[in-house]
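Q: Sharing a structure with you now.
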Amino acid sequence: MAGPVGYEQDDDGFGRTTPFASEQLVLTDPDDDRLPWLEASDYDEPERGLDFGRLAGFGLLLLIVLAAAAGIWWYLSKAKVSGDLQPVGTTIAAPQGPYKVRPSEEGGKVFEGTGDTSFAVGEGQRREGRIARTQPKPAPAASPAVGASPSPSSEPEKSPETAPPAAGPSVQVGAYASRSDAERGWQTLMRQTEKLNGVSHRIVEGQADIGTVFRLQAVAGSLESARALCAGLKQDGVACQVKR
């Protein structure tokens, strides 16, 4: 019985290997270390060019869409004139009578308190303040005694007029809308600073852009005294202005 390749039996029936079985099976060239099954293939896929047919189809489809959109827009924007509305080449008739009417008040309505004070002051004119003189309340007349008849020749006594405030330099410490507000303002300033102790005051009525104002002024004997008084008031936080 013949054995496999590289193996044979001797005359005694024992097997022995032949020199062919001890040799190494060589499948590749021993001088070539490359592994061809791991190397990249040399086959390159051919590059595909532009598909002009597909591009032409897309372009044609785009033109169709644009043409359809233009047709729809033209149809919707086309004015449809009905048979009832026809253009008439006539003008509109003017109304009867004048269309411009002169106002009853020339220049518009003039409100109370409107004047030219601000314009005069802006042009350099000076408006002097006026001192308001109020008449004192008359004293109640004494009741006549019982049985006494009034004398026909007796005349009612004239009430003395209020003496005008002293003229001269002064220090203005405020301006108020009424005389009573000015009096209350003086009492407030007396409590605020001691520089006004023993100083007389006056209230001068004047005109301003806002209307009639009552200026509260502290009377000073001279211009130097007025400046010194105003400086002392400013130290106590009281705003003031020297008036000649």
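Numbering starts at 1 and runs along the chain as displayed.
Backbone N, Cα and C atoms are what each Cβ position is placed from, and that goes for glycine too.
Residues or ranges marked as compositional bias 'Low complexity' in TrEMBL: 140-154. Residues or ranges marked as domain 'SPOR' by TrEMBL: 163-244. Annotated region 'Disordered' per TrEMBL: 1-25, 96-179, in sequence order. Taken from TrEMBL, the feature transmembrane segment applies to 55-76.
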Q: Can you tell me how the residues of the domain 'SPOR' (163-244) break down into helix, strand and coil by DSSP?
A: 27 helix, 27 strand, 28 coil
Q: In the predicted model, what is the mean pLDDT computed over the domain 'SPOR' (163-244)?
A: 87
